[in-house]
Amino acid sequence: MKRDITHQIPTGYPLLASKEFRGLVVAVPFCPRVNPFKLRSQSQQFINPALIISPESERSFEKWRNVINQQLQETGATFDLTSTLHNIFAALKSSSFPTAVAKNISQQCLQDSQFYVHNLYANQSLWSLQMQESSAKLPPGLFGSNNIHADGLFDECLAVRAPGFDGQYCIVSFKPTAVDPSEILPLGSFSDNHEEQRGNLITIFQLLGLLGPDRVDPKVSVVDANTYLLPSTTFCLPSSCSAADLGQAVAELIGSYVIANYSLVTVTDEQYCFKESNKPPKYDGATITVIVVLSLVGLLVLMAIVHEAWRMYRGTDFDAKKDGKLLSALHCFSVLNNGRKILSMRVTASSDNFGCIHGIRFFSTCWVVLAHNFTLAAGKIMNIQSITEDFRTLGMQTIGNSSVSVDTFFLMSGLLVSFLLLRELDRNKGKFNVGLYYLHRYLRLTIVYAFILGFIATLMVYVGIGPYWYDVNKFSNACRNAWWRQFLYINNLFPVDSDYGCMGQTWYLAVDMQLFFVSPLFIYPLWRWRKWGLAWLAAVGLTCQAVVFFVYARDDLHPNVWPTRLDGLATSADYFNHYYYKPWTRAPPYLVGIWAGWYLHITKQSQTRLAKPLVALGWTLSSAVGLAIVYGLTPYVDPSKVPEISTLLKMTYGPLHRTAWAFVIAWIIFACSRGYGDIVQSLHTLRTGFVNRLLSWKGFLPLGRMTYCVYLIHYDFLVVYYSAMRKRFYYTLFEQFTVCFGLLVVTFGLAFLVSVTLEASFLNLEKLIFSSKSKSQPREEMTAPPAEEKLNAERKKIDA
């Protein structure tokens, strides 16, 4: 249905007064001293305008303006780039009708857009004012804080109800792209019919034309993993318009102009457009299956609660022998019983237990969650300048170098597997059930993993909506399409793909499973042939370390991926594909753990004590190395102080720091478990005593038991939280830490629910099924702090 839009539009909008919408108007006083100019030669190009979006270029606008002014001195023209850019962005971002002036878009979109503009300026209908208000304006802090994102009003736009269409909230980004000389259109092959001057006004096209006379064909690009870094704005458009219509319309407005040998390529996608009619997809077979399975588990949990409540009412205890297998299986799903076990702080006195493990596991998990929180928040921060400056400070290296927390898990995993399998080999005179060894590990990790992955793949898209919900949809679809990678634990062997984001943090589980699979090849020789086993372990460890050196040298990798250094981010794909996710490059900390577990095993009955100076030296060296790894490279994160990282630093810190970190954690576990973390006469009394008492605190037992579920659910929970945000937020360090710790508490709460209903239930069921069989796989739940009486006995022995 065509609508008549020939009604006279009020004076003051002269370029909209004709049937042919020619352009946008920017109310800028015309200065006769500002003349169009040409580049003096192709070799004299302005500085790369991509600096506008660089997180490390807080003075980029000023630098760019100075360079341009210097190059223009010979022309006699005066040119204020900051003001010009401000007006260009203001014109574009204040515009709520790019599709009303486009040529190559769908007819329906064009008609509805022009009908909207007519109602806005002729009739000022409420719905049209609502649409205009919902579109983004110039972002605050564009120049002071490098805020390059303009957000509109998401819910208000979706609530628009116009005759014939609804409101649609769309995001579009702009990608500065170098122009090849062959792409420049010949003079005379295009006409600037938009450049119509009306009195004391300049159109956006004339402002862009001041930066150069060259033109190219406008381009529209597809989204990729780095699109969130590009400048972006939002429009409230008629629902009849597609993302392709918006991309083409914006490209026609600004994409043909060459600015300092760069053009602005428009980037958008259908997933970046939202309207009220975009309801979550209907339940398909996979979704129904997940709902049915979860309902059955819920029914079992409810039946177990009723059964246990009835027993409590009658005053009878549960007896597995009398009640039989069926009731015993039902009892596995009792959240009351599971909750008591998870929250229990009862400890056992055993020389095979490591009290500090739970504390180390808890703090390392919190470290991982905190780092991921900052990573995901960075894409939703308004003042990117502030967080960039914070990441250059000493204290924030705790977040910047948080990836070593993963090496803590590799070390602990290798240590526990080695220690407990060696104990099993001792008990059974060199024999262990290989089938159960692998089966138990697979079931232990995979069952709760599968439930969470199933929820993410099918139900997560229904939990909310927001302007950035495309991330949730992307991760959900990724889990639907490649779930088999996860369950085979080979997802880390595939190249990093921006479209594949299924539980991205689980690359660690894949590497850990792969290393666990080959662990008996190192542990059994250590038990059977001690010297040859050590030689074999050392040879493999050194070979893996040599591979790390080779990868760093071949790919010229930076010591670490720092968000403040763009030169390091340029090689980030190689860093993750060739080094970070691969088992042969992450094996050294795991192998250090196997060696540490073997040493703790052979010395657990030893009465030999280390001399106090050696203990003090161990704590001093471990503290110094650990602090150096986390904080030692602080000056190098600021490229203004260190423009280029030396090869020597790349080839020392990069390949060695993770292995060195593993030795630091190995010392802490050894010292705390052997009583050296609580020696009264130690030269480091306060530090070492505090470390052991802190890490062995009984309160870390229940928290440590929940860390696996925390690790599985935290990342996608954070994705949902930040995707549902209506606007980017203003960052301050205090506020961000407050939010992070609040989300951490909620994550542990969700993890407790998952653990008490799913993880603990199926662990109980597995134990019931295999109770009559030999237990060959070490269980990490067995690690608990030594009883106080044992510690007191050790202290008395030391004092004597």
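Note that Cβ sites are derived from N, Cα and C of the backbone, with glycine treated the same way.
Lifted from TrEMBL, the feature list:
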| type | residues | note |
| --- | --- | --- |
| DOMAIN | 106-267 | domain 'Nose resistant-to-fluoxetine protein N-terminal' |
| TRANSMEM | 285-306 | transmembrane segment |
| TRANSMEM | 404-422 | transmembrane segment |
| TRANSMEM | 442-465 | transmembrane segment |
| TRANSMEM | 507-527 | transmembrane segment |
| TRANSMEM | 534-553 | transmembrane segment |
| TRANSMEM | 584-602 | transmembrane segment |
| TRANSMEM | 614-633 | transmembrane segment |
| TRANSMEM | 703-724 | transmembrane segment |
| TRANSMEM | 736-765 | transmembrane segment |
| REGION | 773-800 | region 'Disordered' |
| COMPBIAS | 777-800 | compositional bias 'Basic and acidic residues' |
Cβ-Cβ under 8 Å with the transmembrane segment (736-765): same-chain residues at least 6 beyond its ends:
297-298, 300-301, 329, 331-333, 335, 338-339, 341-342, 366, 369-370, 373-374, 377, 387, 443-444, 447-448, 451-452, 703, 705-710, 712-714, 717-718, 721
Is it the case that the transmembrane segment (285-306) and the transmembrane segment (703-724) have 3 or more CB pairs under 8 Å, with pairs at least 6 apart in sequence?
no
For the transmembrane segment (507-527), find every same-chain residue at least 6 residues outside the stretch whose CB is under 8 Å from a CB in it, and list them.
406, 409-410, 413-414, 417-418, 421-422, 425-426, 430, 434, 437-438, 441-442, 445, 449, 486, 489-493, 533-534, 536-537, 540, 581-583, 586-587, 590-591, 594, 598, 711
Hey, which bits of the same chain come close to the transmembrane segment (404-422), Cβ under 8 Å, at least six residues off its ends?
352, 357, 360-361, 364, 367-368, 371, 432, 437, 508, 511-512, 515-516, 519-520, 522-523, 526-527, 586, 589-598, 600-601, 629-630, 657-658, 661-662, 665-666, 669, 776, 778-780, 782-783
Which range out of 442-465, 584-602, 614-633 gives the transmembrane segment (703-724) the most CB pairs under 8 Å?
442-465
Mean pLDDT, the domain 'Nose resistant-to-fluoxetine protein N-terminal' (106-267)?
77
